[in-house]
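Q: Pasting the feature list from Swiss-Prot:
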- 34-44: motif ''HIGH' region' (MOTIF)
- 35-37, 41-47, Thr231, 261-262, 269-271: ATP binding site (BINDING)
- Asp67, Tyr212: L-glutamine binding site (BINDING)
- 268-272: motif ''KMSKS' region' (MOTIF)
Amino acid sequence: MSEAEARPTNFIRQIIDEDLASGKHDHIQTRFPPEPNGYLHIGHAKSICLNFGIARDYQGQCNLRFDDTNPVKEDIEYVESIKRDVEWLGFSWSGDVRYSSDYFDQLHAYAVELIGKGLAYVDELTPEQIREYRGTLTAPGKNSPYRDRTVQENLALFEKMRNGGFAEGTACLRAKIDMASSFIVMRDPVLYRIKFADHHQTGNKWCIYPMYDFTHCISDALEGITHSLCTLEFQDNRRLYDWVLDNITIPCHPRQYEFSRLNLEYAIMSKRKLNQLVVENVVEGWDDPRMPTISGLRRRGYSASSIREFCVRIGVTKQDNNVEMAALESCIRDDLNENAPRAMAVLDPVKVVIENLPAGHEEFVAMPNHPNKPEMGSRQVAFSREVYIDRADFREEANKQYKRLVLGKEVRLRNAYVIKADRIEKDEQGTITTIYCSYDAETLSKDPADGRKVKGVIHWVSAAHAVPAEFRLYDRLFSVANPGAAEDFLSTINPDSLKITQGFVEASLAQAEAEKAYQFEREGYFCADRVYSSAEHLVFNRTVGLRDTWVG
């Protein structure tokens, strides 16, 4: 990681600087606590870069802890994908991977402690009644008829819950706080609920599972977290975070700090809605290159460094704001413009026959792998009597603004010769099948000797050496900036989010490595797809175009 990435400034880092300077802490301990119920997305990348980046920069530690308290929605598949994503982004967690389920015994003991202090009770209201009794933002809640059970009753009933004596939804453990609180989160929140489901870590040992708000703060405390960082929607939950830790016997009391979540335009960040896209086959899977998941972005061709740079550029604040997709695309363009080797590919080919070259002619022309980086070397590219050019690079007639090949006029083939279009051949439908040209043999990488000006330059591949390839032209998955605001977000799907074409690439790409980025000259940035591409059938994903086509 570069120094530019390493030390962004934000209000959280200022707090940490003050805590270290005052002696409040002598080391920094953070954590990244995802729930393993889906794949990580670009919003999680912001949290990863923040938590792991702080630990790195302050010579501290960052734990990877899975918040695995809901066995119904969680799966080991998501655990493994999250670990891969964190490592791919360039970060390492401290020690072993941790799970909230590691602390189920301690959590249960702390629940018993709260019951013993008269601060928790077993409630037998139905979930619907609990919602009804909770009240609203403008009306206070009302006490459950089970709220004033004795400590002995609650201990016995909680043990009954633990032993499977209640059906799901018929009993829960609630904190005894204040049903008239102006903060709904403090109106006797549920601490434990019943779920008869096998857990991916603990099997069937438990049939009661702690809620997030109870688990999160205690797990932080048990791990000695100094700064518990979460997004703004948990701001009110900080009161419950502190209440739990203030009322149990635990030596450490971390502090929670909130920052704005990432809202990326033309994308969905809700795991539920992302899952719907997968389940309803709107996309191929969680790693579909149109998805905002880290695995999807990686498959599309985004680099880890470009995602880290994006997180630096958007910063960490307390104000929610929408980030333009162009900001993310700018990061990968900047990265690949600097680092991606160049190559030639023709996505919509039409054949050019150079008639004043002999049949079987073959020569090799030198091409730089990067125009501004001679240290990246060069390659020899075959040139022959027949080449492919892109269909959009030829017109029978054109105005002066068109700087490509026109019937009766000249253009330069990139790093090769000047050619002139003499005649064309069409099929029965009127589609051009062949363009017959002549070439100027004295113009290999130099201007014509007679001083005539040839302004246009187009890319090409030798027909005799070209390798067939499929090109997947990905675009934004949604056609509106805020699809989540639509009544039916699926109605805002961009019908042109994927176009597939068949064409050719130069021979040097025959063994293209999966996810290795290239700039296909004049076309955009591409990488070989890690799922579909093979030596027998090359498939390239367009990561991003050379410029933003959504401007205006």
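Positions of Cβ are set from backbone N, Cα and C atoms, glycine also.
Give me the structural setting of these features: burial, nearby parts and distances.
A: Model confidence over the motif ''HIGH' region' (34-44) stands at 96, taken as the mean pLDDT rounded to a whole number.
Cβ contacts within 10 Å of Asn37 (ATP binding site), excluding its own Cβ and spanning all protein chains shown: 17. When secondary structure is read from DSSP and collapsed to three states, Asn37 (ATP binding site) falls in the coil class.
The C-beta environment of Asp67 (L-glutamine binding site), restricted to residues of the same chain at least 6 apart in sequence and closer than 8 Å, consists of Pro33, Pro34, Glu35, Pro36, Ser100, Tyr212, Thr215, His216, Ser219.
Residues 37-38, 41-43, 261-262, 292, 477-478, 483-484, 489 of the same chain sit 6 or more residues outside the motif ''KMSKS' region' (268-272) yet have a Cβ under 8 Å from a Cβ within it.
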Q: Going along the chain, which residues six or more apart from His44 (ATP binding site) have their CB under 8 A from its CB?
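A: Spatial neighbours, sequence-distant, of His44 (ATP binding site): Pro34, Asp85, Ile294.
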Q: Kindly assign Thr231 (ATP binding site) to one of the three DSSP-derived states: helix, strand or coil.
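A: Note: Thr231 (ATP binding site) is in a strand by DSSP.
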Q: So if I draw a 10 Å sphere around the Cβ of Leu262 (ATP binding site), how many other Cβ atoms end up inside it?
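A: Counting Cβ neighbours of Leu262 (ATP binding site) within 10 Å gives 24.
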Q: Taking DSSP as the reference, which of helix, strand or coil describes His44 (ATP binding site)?
A: helix
